[in-house]
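Engineer: Quick paste of what Swiss-Prot says about this protein:
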type	residues	note
ACT_SITE	C74	active site, proton donor
ACT_SITE	C217	active site, proton acceptor
BINDING	N13, Q46, N65, G75, N76, N157, N190, E208, R209, G218, T219	substrate binding site
Amino acid sequence: MGERFIKMHGLGNDFVVLDHLESPRELSPQEARFWADRRRGVGCDQVVQLLPGVEGGDAQMRIYNPDGSRAEMCGNAMRCVGLYLHEQRGMAAALAVETLAGIMRPQVTSALAITVDMGRPQWAGRAIPLDQDGEMIDAPLEVGGQSYRMTALSMGNPHGVVRVADAEGFELAKVGPLVEHHALFPNRINFEVVQVLSRSRIRMRVWERGAGITPACGTGACAAAVACMRQGWVERDCTVVLDGGELQIVWLESDRVMMSGPATEVFRGELVGLPAGF
């Protein structure tokens with residue numbers, strides 16, 4: 001018997017989902033890299049492992065980047081997991097899913113409308129974390145001989161948001177890895193460039209930590225929207241336009257951030273066998 005998997009995506013941000021709810025086991029960084037490899041494995045932006053909840057949640061979600069490192073949270077993956085647990089596992093439409101960033105609560109209305117309470121943004125430098133105290137709001141960051149004005153925050157994982165005049169023309173493949181590995185960010189960082197289109201609409205592109213450029217990032221969309229909202233550039237209910245589609249982000253007066261968007265199951269399969277050593 002091989003290893004069964006489900007291929008899903010949220011706005012083109014694709015995942016290999018491993019359902020280990022009934023047979024929990026550890027997933028090594030080497031195995032995660034294999035699953036994510038688009039030539040030798042199945043291929044994905046991130047590997048998502050589902051395990052039994054240990055803190056009262058319906059399930060536990062572990063996220064692995066293509067380089068084998070762990071990610072604290074992924075909004076697009078959370079929508080996919082919510083849809084899978086509800087439609088295929090028969091769980092309630094309102095779920096509690098444990099992550100390294102805490103318990104997240106997806107609410108499934110349909111495959112086109114999954115809303116996730118993403119929690120509260122964290123602005124303190126040590127909470128993101130940054131290698132400095134205090135907040136980083138529209139502050140200069142020197143990268144590759146250029147200066148960018150960055151707002152840093154955590155949405156359960158670290159994000160750096162820079163406003164640009166032209167998101168499409170920004171050299172994200174060049175600047176992204178330099179920002180990710182900047183000395184200011186001890187745990188590395190996800191990097192978003194954002195162009196304000198109107199008071200209710202922004203264009204965002206993302207360089208994900210450990211994954212590179214991806215079509216969409218749920219936590220990144222939340223971070224970009226909230227960074228713009230805090231500085232008064234947009235309203236507190238905003239559409240984020242990503243390479244893969246659109247997400248709706250609302251920053252409530254309670255300080256909680258709500259993300260709404262679709263999730264899609266693409267196919268299911270069975271890996272005949274892992275290479276020796278896994």
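The backbone N, Cα and C atoms fix where each Cβ goes, and this holds for glycine too.
Small disclaimer: the values here were computed from a predicted structure and weren't measured.
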Engineer: I want the residues beyond N13, Q46, N65, G75, N76, N157, N190, E208, R209, G218, T219 whose C-beta is within 8 angstroms of the mean position of the substrate site's C-beta atoms, in chain order.
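Structural biologist: Going along the sequence, the neighbours come out as D45, I63, A71, M73, C74, A77, V206, A211, T214, C217, G220.
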Engineer: Under 8 Å Cβ to Cβ from N76 (substrate binding site), same chain, six or more residues apart: give me those in sequence order, or none if nothing qualifies.
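Structural biologist: Those within reach of N76 (substrate binding site), by Cβ under 8 Å and sequence separation of 6 or more, are H9, G10, L11, N13, F15, A216, C217, G218, G261, A263.
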Engineer: Hey, of the active-site residues listed (C74, C217), which one tops the CB count within 10 A?
Structural biologist: C217
Engineer: Through the lens of DSSP with three states only, how would you label N76 (substrate binding site)?
Structural biologist: helix
Engineer: Taking the residues N13, Q46, N65, G75, N76, N157, N190, E208, R209, G218, T219 listed for substrate, what is the greatest CA to CA distance in Å, to the nearest whole number?
Structural biologist: 17
Engineer: Between R209 (substrate binding site) and the residue listed as 'active site, proton donor', what is the CA-CA distance rounded to a whole number of Å?
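Structural biologist: Rounded to a whole number, the Cα-Cα distance is 11 Å.
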Engineer: Which has the fewest other Cβ atoms within 10 Å: N65, T219, the binding-site residues listed?
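Structural biologist: Each of the binding-site residues N65, T219 was scored; lowest Cβ tally within 10 Å is N65.
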Engineer: Just name the winner among N13, N190 (the binding-site residues) by count of other CB atoms within 10 A of its CB.
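Structural biologist: Its Cβ has the most other Cβ atoms within 10 Å: N13.
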Engineer: Is N190 (substrate binding site) helix, strand or coil when read with DSSP?
Structural biologist: strand
Engineer: Which of the three DSSP states, helix, strand or coil, fits N65 (substrate binding site)?
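Structural biologist: Its secondary structure by DSSP: coil.
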Engineer: Test of understanding: give the count of other CB atoms lying within 10 angstroms of the CB of R209 (substrate binding site).
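Structural biologist: Taking every protein chain into account, the count is 25.
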